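Encoded as structure tokens, the structure appears first; notes follow it.
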């Protein structure tokens, strides 16, 4: 069985990791090559690959998979460390008389200069790519990145508002509802197929959020009124909804992006836009002079601990968003949401261990339902991968049989 491919341009990038969704069809492969070098792509002939060439392609695919797994692990570690640490540090800020929600919002995106490292180091230091930073970064992509960045800034504000009122364990469990929204919006935006495992996960996580909302209203800080508690409750749900919208929108955009460096470039522009929004909010609330006054007067652990907390929040939030963007690019928006949901149980445990949050029967049941839904989805993914592997092996067997019979039919 012959395979038709475009000959690779002679100056194509050496180590770009292509999005898995962008390699499904020959049309997408040709589009990617035209983006890399339009002239070379236009001049390159279509060739027939022999069986030897196929084996070489499989070896190259194997090496690509190694880079894929490496980046996948690194991004999940960033997501793991960033999600847990940022959640606990944000609560530490509010627990010790930090009161500015704009400061809490600003630190979530102000670490965007850290993204310059994965953008510029591969080309200027490691010399592992021929693509200069921001090559093919079109005005349309710039506008999309700015608009999504503003939406992300609003999401950050809603998260800060909710986190200032709710215990870490409660807010973490509430954020698990973003997976429900994520599945629904993924069906609408990126045509995600609904399976029994998806549906089961939605039901379980919905029950988890409803139980939490009905049974944990007593679990609030001293001096927090019922009205403020439900403001925090609704703000956290709103943050989950916006983030659930963000994930499939980014997946749709990432289908037209062919390398990991471009993902980081988009993330840089989005974080700058979100930081600009938070900075304007801080300016309306007194500006950075308010941070100085808060560190010296309000924060009960002293100015040094205050600035260490702010700086650590900046770094950990950036790790969280870098990991999220990488996971969506390397897998899918739904899988990225699933991975984040898996970390919520760790946030709950962290809130109980570090801050002594109450962990009663309702939260225990909610956590079990959340874990059940996650395991259901993972099992469904395992069945799907196994089925695809069996089909691939069957097709390979048929191809080998065809190649073995074909010479006998030659006259």
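Even glycines carry a Cβ here, placed using N, Cα and C.
Caution: TrEMBL annotation is automatic and unverified by curators.
Record features, source TrEMBL:
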type	residues	note
REGION	1-21	region 'Disordered'
TRANSMEM	68-90	transmembrane segment
TRANSMEM	110-129	transmembrane segment
TRANSMEM	141-161	transmembrane segment
TRANSMEM	173-190	transmembrane segment
TRANSMEM	199-217	transmembrane segment
TRANSMEM	229-247	transmembrane segment
TRANSMEM	268-285	transmembrane segment
TRANSMEM	305-330	transmembrane segment
TRANSMEM	337-356	transmembrane segment
TRANSMEM	362-382	transmembrane segment
Inset, instruction - Taking the transmembrane segment (141-161) as the first stretch and the transmembrane segment (229-247) as the second, find out whether 3 or more Cβ pairs fall under 8 Å, excluding pairs closer than 6 in sequence. - result: yes
Legend entry - Beyond the flanks of the transmembrane segment (229-247) by at least 6 residues, Cβ under 8 Å: 148, 151-152, 154-155, 158-159, 161-166, 171, 174-182, 184-186, 209, 213, 217, 220, 324, 328, 333-334, 336-337
Legend entry - Cβ contacts the transmembrane segment (337-356)/the transmembrane segment (110-129), at least three under 8 Å, sequence gap 6 or more: no
Inset, instruction - Counting only CB pairs under 8 A, let me know which of 68-90, 110-129, 173-190, 268-285, 305-330 has the most with the transmembrane segment (362-382). - result: 173-190
Inset, instruction - With the transmembrane segment (68-90) as the reference, find which of 110-129, 173-190, 268-285, 305-330 contributes the most Cβ pairs under 8 Å. - result: 305-330
Legend entry - the transmembrane segment (305-330) versus listed stretches 110-129, 173-190, 268-285: most Cβ pairs under 8 Å: 110-129
Inset, instruction - Would you kindly list the residues that approach the transmembrane segment (110-129) from elsewhere in its chain, counting only those six or more residues past its ends and only Cβ-Cβ distances under 8 Å? - result: 13-16, 259-261, 264-265, 267-268, 271-272, 275, 278, 314-315, 317-318, 322
